[in-house]
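Heads up, the thing below is written out as structure tokens.
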Ligand code: SF4
Ligand code: ZN
């Protein structure tokens with residue numbers, strides 16, 4: 001082998017820098033190492049396994065729902081979770097949990113992908129819909145409110161829908177496909193908006209431990225480019241054909257939501273991509289910076305109670321979903337957009353609706369290629 005390596009190097013063809021045996025198939029976006037396809041699978045899966053084990057994300061015997069949208073992140077997550085569960089005997093009962101927001105031409109198609117994943121991975125699937133839970137589809141909501149605050153409604157409703165789906169499945173935990181790029185982006189957005197409380201929370205690998213269902217992010221340190229796209233070392237162009245999802249021939253849906261308008265988030269995303277081009281470590285470094293922020297004692301954290309109307313957890317009299325629904329049902333759709341004090345002052349709704357200037361809650365991913 002030694003001789004073979006020397007000959008290959010002399011001939012100008014380098015070998016995979018991990019196994020030193022096979023020809024490299026890609027330049028790893030996270031480290032810029034030239035590696036072969038087999039080593040890529042290994043490091044990709046092993047890093048996620050280490051994150052799971054190192055953070056004690058699961059206990060044997062737990063029931064775990066995978067938030068599945070049919071998009072690349074959650075499709076790869078479902079695949080990798082079932083692989084690792086088998087390979088390392090995690091002893092988990094895995095389920096797929098999807099939300100149907102009622103977006104014609106987008107979610108109906110992506111749910112077809114999840115239904116195929118259900119068969120391909122042999123994981124039971126539960127779909128919860130906005131129409132069933134709230135009486136409204138996103139198509140109907142957009143007709144009323146237009147395209148300005150649609151993601152606020154959708155984000156609030158999704159969070160609660162996932163919790164309700166998780167309760168139905170009686171799972172102990174919910175895992176989501178948020179990747180390192182998503183988390184870095186959320187750190188930046190929380191800095192830009194001065195939201196210190198969320199900033200200190202958004203890098204946690206597990207959140208919601210005080211709520212109905214803990215949520216974990218096994219892809220916290222996984223680069224989006226490795227999940228779906230990377231600049232191919234041979235042709236030097238962005239090439240969708242050298243990715244984990246592609247190599248493994250995973251079946252996923254890649255169209256953006258037709259109501260995706262989030263320009264501000266889009267800028268943060270582009271900024272991170274630019275930084276990553278210059279220095280791939282930038283993504284991990286932003287996450288590390290976020291982790292090191294501490295909440296000052298003067299920052300007041302809201303106390304958790306339950307919503308008087310639907311019983312869901314809430315720090316106010318009514319939960320955010322009930323406030324938004326009240327607005328929709330009363331023909332005052334702007335009610336509850338932003339930091340509302342309306343419940344403490346419910347006679348003053350109209351004045352309140354006028355004061356609100358846009359949602360500031362960005363804890364859940366408000367998506368383009370929605371992956372919860
Ligand atoms: Fe909902 Fe995401 Fe579409 Fe916004 S972009 S409307 S959050 S699915
Ligand atoms: Zn190799």
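Quick reminder: no glycine exception, Cβ is built from N, Cα and C everywhere.
TrEMBL labels come from automatic prediction, so no person has curated them.
Copied over from TrEMBL, here are the features:
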BINDING   67, 68, 69, 73, 99, 177, 182  ATP binding site
COMPBIAS  348-363  compositional bias 'Basic and acidic residues'
DOMAIN    64-227  domain 'tRNA(Ile)-lysidine/2-thiocytidine synthase N-terminal'
DOMAIN    305-335  domain 'Cytoplasmic tRNA 2-thiolation protein 1 C-terminal'
REGION    348-372  region 'Disordered'
Diameter of the ATP binding set by C-alpha atoms, the set being 67, 68, 69, 73, 99, 177, 182, in angstrom: 20
Neighbouring C-beta atoms (10 Å sphere around the C-beta of residue 69 (ATP binding site)): 27
Structural state of residue 182 (ATP binding site), classified by DSSP into three states: helix
Within the domain 'Cytoplasmic tRNA 2-thiolation protein 1 C-terminal' (305-335), residues counted as helix, strand or coil by DSSP: 10 helix, 4 strand, 17 coil
Cβ neighbour count (within 10 Å, all chains shown) around residue 99 (ATP binding site): 27
